[in-house]
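K.L.:
Have a look at the structure that comes next, please.
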Amino acid sequence: MNRIGGSITLTLFGASHDSRIGCVIDGIPAGYPVNEDIITADLALRKPAEGIGTPRVEADVPEISGIVDGITTGCPVVITFSNSNTRSSDYEQLRRIPRPGHADYPAVCKFGPAHDIRGGGMFSGRMTTPLVAAGALLRDLIGSAGISVGSYVTRIGSVVDMNVYDVADIMTRSRTNPLRAMSPEIEERMRAEILSAKSKGDSVGGIVRCFAAGLPAGLGEPFFDNLDGEIAKAVFAIPGVKAVGFGEGFAAAGLRGSENNDAYRFFENSVVTTTNHAGGVLGGMSNGSVLDFSAAFKPTPSISKQQMSVDLVSQEDADLSVKGRHDPCIANRGAIVVEAMTVFTLADLAARGGFLV
Ligand SMILES: Cc1cc2nc3c(=O)[nH]c(=O)nc-3n(C[C@H](O)[C@H](O)[C@H](O)COP(=O)(O)O)c2cc1C
Ligand SMILES: C=C(O[C@@H]1CC(C(=O)O)=C[C@@H](OP(=O)(O)O)[C@H]1O)C(=O)O
């Protein structure tokens with residue numbers, strides 16, 4: 001299914017080496033202003049950085065319809081991007097010898113010989129370009145309800161950022177560098193980690209920590225369309241995401257209730273929590289604290305280091321060294337995609353819960 005959302009829906013179309021990729025966003029209220037500068041800025045954060053990203057560089061200029069004089073009309077908004085820098089010959093042998101870790105094998109089993117394997121087809125990270133544009137377009141919509149979303153990279157391979165940061169700082173500082181790191185020192189160490197893996201024909205994974213500030217308490221539609229479940233579904237759709245955890249996440253299993261509960265206090269006539277182990281979600285609804293979750297990206301599957309695979313035609317074991325243009329790390333490029341899927345989900349849940357002004 002290529003559609004997500006309840007009140008505001010997002011439909012994704014195209015493939016990595018198709019003529020174009022894009023999305024349709026339906027359900028945005030009429031009369032809402034669209035800021036194209038935000039879309040440009042967010043798309044820039046998804047672009048590959050020289051030396052640590054895929055050499056496939058696309059212009060990524062969005063063509064947007066459904067907006068008149070910078071205002072939504074109530075019609076579906078359509079955003080498209082052209083694919084021009086494709087090199088489909090890199091993929092010819094992969095239908096026969098599938099890449100370990102990529103979608104090739106299950107996709108050929110599911111779709112048969114018709115599967116568009118060029119550039120990873122519909123399973124490519126390329127498909128995240130329209131997602132970022134959609135998220136950027138909706139930032140002002142949730143902004144009008146006082147909600148803002150940001151993220152930073154807490155881990156690349158063995159380099160882990162254990163520091164605690166102010167949420168306002170995260171919204172700005174991590175946007176200044178392609179590693180989405182919070183300081184130049186950590187950025188340098190993360191870059192070195194990626195370059196070290198790349199020099200060996202290998203890749204590294206990483207973790208993105210995402211925040212949403214300004215959420216009203218009660219956002220989320222339990223039982224099944226709960227806040228954490230809807231965000232997890234949207235974030236798990238991002239190629240390469242293997243884990244999503246809210247607040248303490250898996251670590252909560254090792255805590256006592258007295259350690260994990262977030263105690264309440266009144267502060268300036270409002271109810272606040274003194275800690276945020278829950279990551280801002282209780283009972284599938286926002287509790288008024290900052291929404292705080294992490295998403296783990298696996299190491300990029302396409303690596304030039306030789307790996308074991310199979311030849312599906314000759315029915316024999318085969319070795320594979322993936323040629324072509326690939327990211328040695330996905331997590332840093334993926335951070336803005338995590339933000340986009342979070343913005344989309346919050347916009348949809350805000351619309352469903354009557355929180356939009
Ligand atoms: C922004 C972005 C860029 C990506 N770049 C690559 C890449 O260059 N090479 C690659 O093999 N996988 C890349 N991926 C990951 C694959 O698309 C993904 O691992 C694959 O579709 C299989 O899906 P899964 O890992 O979710 O199971 C990228 C993902 C994202 C989000
Ligand atoms: C094009 C992008 O990344 C692509 C994501 C990707 C994959 O398998 O996910 C494989 C590569 O595709 P190609 O072989 O066509 O160069 C990357 O370059 C992008 O993110 O915009």
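Along the chain as shown, the residues are counted starting at 1.
Heads up, the Cβ atoms here are built off N, Cα and C, so glycines get one too.
Bear in mind that TrEMBL entries carry predicted annotations, made automatically and left uncurated.
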K.L.:
Check TrEMBL: it lists GLY283, LYS298, PRO299, THR300, PRO301, SER302 as binding FMN. Then name which of ARG256, ARG325 it lists for that same site.
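P.N.:
Candidate listed by TrEMBL for the same site: ARG325.
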K.L.:
Which residues does PRO301 (FMN binding site) neighbour through Cβ under 8 Å, counting only same-chain ones at least six apart?
P.N.:
ARG99, PRO100, GLY101, HIS102, SER203
K.L.:
How long is the line from the C-alpha of THR300 (FMN binding site) to the C-alpha of ARG46 (NADP(+) binding site), rounded to the nearest angstrom?
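P.N.:
Roughly 15 Å, rounded to the nearest whole number.
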K.L.:
Measuring Cα to Cα, how many angstrom lie between PRO299 (FMN binding site) and ARG46 (NADP(+) binding site)?
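P.N.:
Answer for this pair: 17 Å between alpha carbons.
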K.L.:
Are any of the binding-site residues PRO299, PRO301, SER302 near ligand 1, with a Cβ under 6 Å from it, and if so which?
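P.N.:
If the test is a Cβ under 6 Å from any atom of ligand 1, the answer is PRO301, SER302.
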K.L.:
State the count of C-beta atoms found within 10 angstroms of the C-beta of THR300 (FMN binding site), not counting that atom itself.
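P.N.:
Its Cβ shell of radius 10 Å holds 26 other Cβ atoms.
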K.L.:
So what sits near ARG325 (FMN binding site) in its own chain, CB-to-CB under 8 Å and at least six residues off in sequence?
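P.N.:
Those within reach of ARG325 (FMN binding site), by Cβ under 8 Å and sequence separation of 6 or more, are THR54, PRO55, ARG56, ARG87, ASP90.
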